[in-house]
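Novice: According to Swiss-Prot, the active site, for formimidoyltransferase activity annotation covers His82. Residues annotated as folate binding site in Swiss-Prot, with sequence analysis given as evidence: Gly163, Asp164, Arg165, Lys166, Ile167, His168, Pro169, Thr170, Ala171, Gly172.
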Amino acid sequence: MAKIVECIPNFSEGQNQAVIDGLVATAKSIPGVTLLDYSSDASHNRSVFTLVGDDQSIQEAAFQLVKYASENIDMTKHHGEHPRMGATDVCPFVPIKDITTQECVEISKQVAERINRELGIPIFLYEDSATRPERQNLAKVRKGQFEGMPEKLLEEDWAPDYGDRKIHPTAGVTAVGARMPLVAFNVNLDTDNIDIAHKIAKIIRGSGGGYKYCKAIGVMLEDRHIAQVSMNMVNFEKCSLYRTFETIKFEARRYGVNVIGSEVIGLAPAKALIDVAEYYLQVEDFDYHKQILENHLLG
């Protein structure tokens, strides 16, 4: 059986359609790899791609995409609501079928080494590939963002895992690693007060005493004049989407603010969304494996 790996590179470009189209063309040009989905957000100025392929082809696709991004995205001119530190901000590998997390860790290291060797971009290994505990958390790795990275790389504890203590002048720094599937889930508020989104995000994220498997920040969607709580649900089975959604609604009420919508960025495991439906429909004795038609059709 072929080993199947998912790769979800995040690029610091969500406004220039020509560059986005170039990334799409690059992804589609690699044999053995399928581009399942991509989405771009102008306010975040960020694009998220989802690819799957065998364990060899996915490495080539990841490298070629990072290469294209490094040649076409200038971080010195980048402005957006989402935290970022590089043209390719983060490049995770996720085990999908007949492959282990440890094998994906090795894939991430091989890709990271090649990116640094051929493109001169410093690399931090993160999540399951992290070389020390504090580097497991992407937020800690990315703290300081592109503008603060030149100083950060000179700090005693923040030498890159690959490369010198000097950022790429236009492509910045990239985080590469292996991780389990996550859900990128954002909730929109009917307010233009970013402080409210910041306060709610602080309450629900694990680092603030909230949900252990939720990472959250407040961002402003300038084009819509609304604030947003932007989340990564790193383990949706232990911290469900409905739980964070309901908590955000509850906390927003103290400020006289309502939730006006939500969005899932990129692809999400079916079970993450089925759990939400099961909760709101109050389905009794539901069996995900037995009662979902597609599970039987797909074997």
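Each residue, glycine too, has its Cβ placed from N, Cα and C.
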Novice: What is the separation, in Å, between the Cα atoms of His82 (active site, for formimidoyltransferase activity) and Ala171 (folate binding site)?
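Specialist: Rounded to the nearest whole number, the Cα-Cα distance is 16 Å.
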Novice: Across all chains shown, how many C-beta atoms besides its own are within 10 angstroms of the C-beta of His82 (active site, for formimidoyltransferase activity)?
Specialist: 17
Novice: Most Cβ neighbours within 10 Å: which of the binding-site residues Gly163, Pro169 is it?
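Specialist: When each Cβ's neighbours within 10 Å are tallied, Gly163 tops the list.
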Novice: Including all protein chains displayed, how many Cβ atoms other than that of Arg165 (folate binding site) lie within 10 Å of its Cβ?
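Specialist: If we count other Cβ atoms within 10 Å of Arg165 (folate binding site), we arrive at 14.
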Novice: What three-state class does DSSP give His82 (active site, for formimidoyltransferase activity)?
Specialist: coil
Novice: For Ile167, Ala171, listed as binding-site residues, tell me which one has the smallest number of other Cβ atoms within 10 Å.
Specialist: Ile167
